[in-house]
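Next up is a structure, given as structure tokens.
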Amino acid sequence: MKVNLPAFERAGVMVVGDVMLDRYWYGPTCRISPEAPVPVVKVNTVEERPGGAANVAMNIASLGANVRLVGLTGIDDAARALSKTLAEVNVKCDFVSVPTHPTITKLRVLSRNQQLIRLDFEEGFEGGDPQPLHERINQALGSIGALVLSDYAKGALTSVQTMISLARQAGVPVLIDPKGTDFERYRGATLLTPNLSEFEAVAGKCKSEDELVERGMKLIADYDLSALLVTRSEQGMTLLQPNKAPLHMPTQAQEVYDVTGAGDTVIGVLAATLAAGNTLEEACYFANAAAGVVVGKLGTSTVSPIELENAVRGRADTGFGVMTEEELRQAVASARKRGEKVVMTNGVFDILHAGHVSYLANARKLGDRLIVAVNSDASTKRLKGDSRPVNPLEQRMIVLGALESVDWVVSFEEDTPQRLIAGILPDLLVKGGDYKPEEIAGSEEVWANGGEVMVLNFEDGCSTTNIIKKIQTESEK
């Protein structure tokens, strides 16, 4: 099925809400503390990521949309870290600084793919003057196609009714990720996106689909909403609108590692898609696909356009895992956070045959993820001669990506993938044939990083060159 992504580059969105910084400390756990019955984590990696409303803005920016973020911060290192990180991904920050309060920060300690503890550093922003937030919203209304109110009950949205009114008067849809059980404060919003627990805390426990629909429609009527989207974890999503049949969408998640920030991804994709001019039903379709991608990553994460396109088209149609170098680096970083062993190989793979398939399957068995780096058409021509490749790069990558053993496919322009390998630094570099390990491009860089290099045998009798010669011989008869 041909699926066109929304014109995200034309979308303008403002996000207003509770901004926070997510800190992650990673390290191995090898012993119990003598001071208390708790594990000792030897921290070797520290990461900082925008969270809360800032993660919503990150998700919108990652799609290529134009986004402005408004929220409350302190005047501290956390606020500066947020501004710097967000500016690097093209999020325009317009924070209101509150000297008496720290920027909300959440610290998570992780070891062996498990979160051991979370520490929150915060003081609520309730009671502050909301006028600076209102002024920023008013200034942006003429240039945005959607307003997102990201509520984590930290004080940025105490005047949410005024914000809704300002946007609706300007004809701008208001999307809200709600918090708590007081949905009266969201009266008049275009769309609420509660998860199932949040929905049932307000509407009551639902024993069936029909009951969920009935109670959801009552909430829409009670609070003058235009629509309600209930996110239901492994059961997918349900969109409810007045005078329309319910739209149930099954989950698209293949693996679930972490649901942190998944709600931010959903509302971010919804807003960007609506602001690009698509319908609400289309926006939900793309948001559901994006949620299936992001829960397969560790921590608050975003979804790139190519990941979203792969998700909505499906593996068989797109060559799942065909990536740019930057997208591959991000995918590898996420895999390593999950403790996965990354294997990498390379080749032309012009006419895929049984030998290739067997070799790649064996390579995949040596780790958790397999990267295949493919020579570009120009690189192949220099290596194999003017008559090659038989199949252009795009087709070769699609075929490789369709193999169950292959996770990610990337191309390179040079004669060898040495530069690419040095940038990825796989845990294991493999090559087929009769090479010596030290002859393999990238081996020195992998060894220097503590990785391994291995040579695997090809299946006897399988050769692209022999296949081409046989075809030529048969055609001459």
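Cβ atoms here come from the backbone N, Cα and C positions, even for glycine.
Small disclaimer: the values here were computed from a predicted structure and weren't measured.
What Swiss-Prot lists as active site is Asp264, and the listing cites sequence analysis. Sequence annotations record features per position, and here Swiss-Prot assigns ATP binding site to Asn195, Leu196, Ser197, Glu198. The region 'Ribokinase' annotation in Swiss-Prot covers 1-318. The region 'Cytidylyltransferase' annotation in Swiss-Prot covers 344-477.
Describe the structural context of these features.
The Cβ neighbour count for Asp264 (active site), using a 10 Å radius over every protein chain in view, is 29.
Same-chain residues at least 6 positions away in sequence with a Cβ under 8 Å from that of Glu198 (ATP binding site) are, in sequence order, Pro178, Lys179.
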Average pLDDT across the region 'Ribokinase' (1-318)?
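Taking every residue of the region 'Ribokinase' (1-318) together, the mean pLDDT is 89.
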Counting across all protein chains present, how many other Cβ atoms fall within 10 Å of the Cβ of Leu196 (ATP binding site)?
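Neighbour count, Cβ to Cβ under the 10 Å cut-off: 16.
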I need the neighbours of the ATP site defined by Asn195, Leu196, Ser197, Glu198. Which other residues of that chain put their C-beta within 8 angstroms of the C-beta centroid, in sequence order?
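Surrounding the site, in chain order, are Pro194, Phe199, Glu200, Ala201, Val230, Thr231, Arg232.
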May I ask for the distance between Ser197 (ATP binding site) and Asp264 (active site), taken between their Cα atoms and rounded to an integer number of Å?
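Given the Cα positions, Ser197 (ATP binding site) is 16 Å from Asp264 (active site).
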For each of the binding-site residues (Asn195, Ser197), count the other CB atoms lying within 10 A of its CB, then report the residue with the highest count.
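Buried the deepest by this measure is Asn195.
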For Asp264 (active site) and Asn195 (ATP binding site), determine the Cα separation and express it in whole Å.
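With the alpha carbons as reference points, the distance is 11 Å.
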What is the number of residues in the region 'Cytidylyltransferase' (344-477) that are helix, strand and coil, as DSSP sees it?
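For that range the per-state counts are 57 helix, 26 strand, 51 coil.
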